[in-house]
Amino acid sequence: MKLDDIKISRAIVEGYMEDLLDYMEMDVAIGGGGPSGLTAGYYLARAGLKVALFERKLSIGGGMWGGGMMFNKIVVQDEGREILDEFGIRSEPYDEGYHVADSVEATSTLCSRACQAGLKIFNLMSIEDVMIRDEGITGLVLNWSSVEMAGLHVDPLTVRARAVIDATGHDCEIVKVVERKIGPELNTPDGRIQGERSMWADVGEAALIENTREVYPNLYVAGMASNAVYGAPRMGPIFGGMLVSGRRVAEMIIEKLK
């Protein structure tokens, strides 16, 4: 077969535009493609919801790829291991309650299984704003990451969603935008972002599940964004809480939307 360069380009452009137009409106929009966002996307899509994930970087997986200080191993607890088992990610016991997995296998498998479940991922897109109406958050305002990086003055486009998840990690970027736009109206003790505390894995992991919640109407936080918003410690390269947080936020949204 003789290959046609223009036909290759046309296939890419047409295929991408079909996806982008299809996801102008959806059930759930996820900001951030780390472990909690991917896990949430997997469970939401598997439940039959229309869900897309927007990641500003080229690669998906957040900080999971690098394990701890570039030693590409991660640790999970018993509950996190249950999720690894469900995804088919291998792990080895280290001590009672501690399980070690290969970070590259874990990250790539999370991404693959989430996509196969029906999650649509748009990488290289940054979330620069939200849509807020009387009923709460109704969508995201998007631009190419390259536009943001180059500092170009280019207006964004919008997508509509019935629920939004901030899974952007330590920076809790979507919640920051909401706080900046509306002031101290968040579902926190003083209505503002409480700020992430210093490393304490035991306390941070326990707090993470409690802090996975609806922080503003139709806006949920998961993963490290949860602890950053609610003032709990960071945890380092233990990822069980991140996986469980992703599953938990999916369960909350499924219960609300289904």
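Cβ from N, Cα, C; glycine included.
Quick caveat, the model's predicted, so the values are computed rather than measured.
Per Swiss-Prot, these features apply:
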{"type": "BINDING", "residues": "S36, E55, R56, G63, I127, H153, V154, D155, M224", "note": "NAD(+) binding site"}
{"type": "BINDING", "residues": "D155, H170", "note": "Fe cation binding site"}
{"type": "BINDING", "residues": "R234", "note": "glycine binding site"}
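Overlay of Swiss-Prot annotations on the structure.
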| residue | record | Cβ contacts under 8 Å, 6 or more apart |
| --- | --- | --- |
| S36 | NAD(+) binding site | A167, A222, G223, M224, A225, M242, L243, S245, G246, V249 |
| R56 | NAD(+) binding site | L124, M125, S126, I127, S145, E148 |
| V154 | NAD(+) binding site | N143, W144, V147 |
| D155 | Fe cation binding site | N143 |
| H170 | Fe cation binding site | E196, M224, A225, A228, R234 |
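According to DSSP, R234 (glycine binding site) is assigned to coil rather than to any helix or strand.
A helical conformation is recorded for H170 (Fe cation binding site) in the three-state DSSP classification. According to its DSSP assignment, S36 (NAD(+) binding site) is helical.
In the three-state DSSP classification, I127 (NAD(+) binding site) falls within a strand. Minimal Cβ crowding within 10 Å, among the binding-site residues I127, M224, is found at I127. Its Cβ placed at the centre, R234 (glycine binding site) has 16 other Cβ atoms within 10 Å. In the three-state DSSP classification, M224 (NAD(+) binding site) falls within a helix. DSSP gives R56 (NAD(+) binding site) a coil state; it is part of no helix or strand.
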